[in-house]
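Pulled from TrEMBL:
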- 29-478: domain 'Major facilitator superfamily (MFS) profile' (DOMAIN)
- 22-42: transmembrane segment (TRANSMEM)
- 84-102: transmembrane segment (TRANSMEM)
- 114-133: transmembrane segment (TRANSMEM)
- 139-161: transmembrane segment (TRANSMEM)
- 173-195: transmembrane segment (TRANSMEM)
- 201-224: transmembrane segment (TRANSMEM)
- 286-312: transmembrane segment (TRANSMEM)
- 324-345: transmembrane segment (TRANSMEM)
- 352-374: transmembrane segment (TRANSMEM)
- 386-406: transmembrane segment (TRANSMEM)
- 427-447: transmembrane segment (TRANSMEM)
- 453-474: transmembrane segment (TRANSMEM)
């Protein structure tokens, strides 16, 4: 079978000696850090709702407003096809991908906590600018500041959570980022539903309330400890051990601390982590974590649904209130799915969730395409039964994504990089993710206009390809200590040709591991 992995967390020389308790201090640190996901989630949820509000469209996009009301109760694939309107959404992600390189420098040299604080400040300023925007230029500038905040947050938070967590619960802890993202989306949809009734400035309130999660994240971030991994990387060994003892709830951390120091020694020898990422021995991390998974996460089509759920439902003939309510239902399904993933990902593993959900998502997208091909006629009102069916199966799609590519798209890359390339690798993850997020955001509505129901068949084909990618190339990482993940590559049917024990600075090999 493709892949490789450990059956437990005893794969390396010291992993079986690790000791830990779940302490209140550890829980506090992870909950506060995970608030970074709420920034990303709130923006995902709020932007699609705002772009469907009449008051917003009348002020900034009057042509779209007139076209919308010309087909208010009719189906029309091209109702919202406007490149400046989609730039309102996608500009944030273009800014995020540029800022992530600066975030990498801060994360590596100043720590994960510093990046979290920088992200909160930038997001706050962007929210204020958007709330008081008087023209499109102010809107776009505000979106760019929001993007810088997300670039810093998405760079630092998944790393922070993975480094703070013990191996046996790392999957569930890391997915707190996805949980707060989903909760942010859900809350944003309910806020949009309420502010849509406040004329003419309700949309300003929706955008301005993004300051709330940013403020919470900044204040909480002031009290966050730095991760032991980062402190060791900065040469602060005494402080690193103190933090490690505090978050593990025990003074018996010699084995784990020794592994951290070994990884740090290897990291210090690397002067250019981005160039090191291109080395042959790091080919698995480059292909899977830095390029494949973050690109594929967006090519599932899920973020198109999150960005434009109200717009899609209105294009399919739902009224304004009904469309916002329907998108809130899909957001609730996403939160439910995240809890499912958190509960079971460390039991069943990452690969099982990827592959099972992939089959389910393909079936749903084909069903959506067939339904629209048969029942969706331009200029006609969508039958109520068909509309309900579409909402239900889209919720099924959301639940499948929410327990697989959604949370695991951030969890798995954060696990795979060794310390010497971790900040650079996470920058690549965020950069590639944001490139494809921005492209999907910019191109989805025009693609919906021209490809019609075929856009859903396209996404189904892409999910088939990415499921094959996971099946053949990704080893199982559940319960493997983060500093020993590299051992998996030496025993993998394909990657072992790139990663031999002789190339490994740590002096460990995987000869004792059973082949999978």
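Cβ coordinates are placed from backbone N, Cα and C, and glycine is handled just like the others.
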Highest Cβ pair tally under 8 Å against the transmembrane segment (201-224), stretches 22-42, 139-161, 352-374, 453-474, lands on 22-42
When counting Cβ pairs under 8 Å to the transmembrane segment (22-42), the leader among 173-195, 324-345, 427-447, 453-474: 173-195
Could you give the residue numbers and ranges of same-chain residues that sit at least 6 residues beyond the transmembrane segment (114-133) on either side and whose C-beta is under 8 angstroms from one of its C-beta atoms? 33, 36, 39, 99, 103, 106-107, 139, 141-153, 155-157, 160, 204-205, 207-211, 213-215, 217-218, 221-222, 224
Quick check: do the transmembrane segment (173-195) and the transmembrane segment (386-406) share at least 3 Cβ pairs under 8 Å, counting only pairs 6+ apart in sequence? yes
Counting Cβ pairs closer than 8 Å, which of 139-161, 324-345, 386-406, 453-474 has the most of them with the transmembrane segment (352-374)? 453-474
Could you pull the average pLDDT for the domain 'Major facilitator superfamily (MFS) profile' (29-478)? 85
Using a Cβ cut-off under 8 Å, which residues of the same chain at least 6 positions beyond either end of the transmembrane segment (453-474) come close to it? 2-3, 284, 287-288, 292, 296, 299-301, 350-351, 354-355, 358-359, 361-362, 365-366, 368-370, 372-373, 376, 405, 412, 444, 447, 494-495
Would you kindly list the residues that approach the transmembrane segment (386-406) from elsewhere in its chain, counting only those six or more residues past its ends and only Cβ-Cβ distances under 8 Å? 178, 181-182, 296-297, 300, 302, 305, 313, 316-318, 326, 329-330, 333-338, 340-341, 345, 353-354, 356-358, 360-361, 364-365, 367-368, 371, 375, 466
